[in-house]
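The following features are taken from TrEMBL:
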- 12-30: transmembrane segment (TRANSMEM)
- 36-54: transmembrane segment (TRANSMEM)
- 66-87: transmembrane segment (TRANSMEM)
- 186-209: transmembrane segment (TRANSMEM)
- 243-266: transmembrane segment (TRANSMEM)
- 272-292: transmembrane segment (TRANSMEM)
- 304-322: transmembrane segment (TRANSMEM)
- 342-370: transmembrane segment (TRANSMEM)
Amino acid sequence: MPEIGNSKVIQITTGTIVRAILVVAAFVLLYTIRDILLVVLTSVVIAAAIEPAIQSLIRLRIKRIPAVILTYATIVLVLLGIFYVFLPPLVTDTSSFLSTVSQYIDKVSFWNPLNSDVAGQNPQNFVENVAKGIDVSKEVTKEITDGGSALLQIGGQGGAAPGGLDGQLSKFQQSVSNISDSFIKLMSIIFGGVLSFILIAVLSFYLAVQENGVESFLRIVTPVKYEAYVVGLWRRSQQKIGYWMQGQLLLALLVGVLVYLGLMILGVKNALLFAIIAAVLEVIPVFGPIIASIPPIVAGFSQSGLTGGILVAGLFLIIQQFENHLLYPLVVRKIVGVPPIIVIIALIIGVKVAGFIGIILSVPMAAILMEFLNDYEREKIGRASRTNVIPN
């Protein structure tokens, strides 16, 4: 950087401008293909998660392709078995809970000050409206009703002025158009989700079949200068991702079983539903168990009064202490090495950016980021030791 007197002159070369344009173009491209990028990243994480199981089968002298097929078949059979065993009682519990949730609210004393106005309506009506279904179906129902009303008015206006008839026809056409738009949106969401699921399954299977499938993919997309480091970073992160996935599933299973058994012993209705909610929310550290405890505490209070609510709260407190001091440290802190606060921040960012897929990707991405930061810290300390300077 040249100096003129006591001032410095910053020179921006053509190469700097070109590099800046390329960086901006790269970010624009990544944003444009973000859906495809999420599918690829999810496939990579799934392939890494099942790699320990594949390696276990390979050690039993099973070749890689049969090992991958056997692993996927086992996963599919387990999922089908879970759906077959738990889906009917889960549907029953969910229907029962939704039909009685307004009664729970009426019996909880701290709702009394809000009886006149919750979001502009009675709390009971508010909860019942939430339980009716997704917004798309409401839109379709409303448009069908409006369209039907328009037809009835048209039929009843045999001698009406042409302007009135045209108005009703226009209203009916608008209703039909809105129904079509809502239906198209709903089908787009459904088919988009199904297509993403198929792409993730196929791509993760392909990456798992290749012995170094993910590494080969990384070599393709990484500049030669950083290829060795990126592959090495992935090898160190892969084991952590696999162990985290397995540990998280084990943690969710244990917490779900403990919640189910505890609620059954206490005689709380809809125990299976509450246990599944607790298992699913285990992916969110600290806040997940707290959120999962609220519905069963309300149900216990409603069914058995203050004593029932306190007992259910005590049950969740015991399970939470057992998890915090034994299970979670073994699963996340020692294996993954990601502090809980980083996990929470990663989950918030993941949900905001990519929804449900973001939840799946957040902690593995945080684990890779922590590995990178650890490498940077080691490099910083190494440079400081070579120059006898202690880093801040």
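The first residue you see is number 1, and the count goes up from there.
Glycine is treated like the rest: Cβ placed from N, Cα and C.
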Should the transmembrane segment (243-266) and the transmembrane segment (12-30) be scored as in contact, given a threshold of at least 3 Cβ pairs under 8 Å and pairs 6 or more apart? no
Per the 3+ Cβ pairs under 8 Å rule, pairs at least 6 apart in sequence, do the transmembrane segment (272-292) and the transmembrane segment (342-370) touch? yes
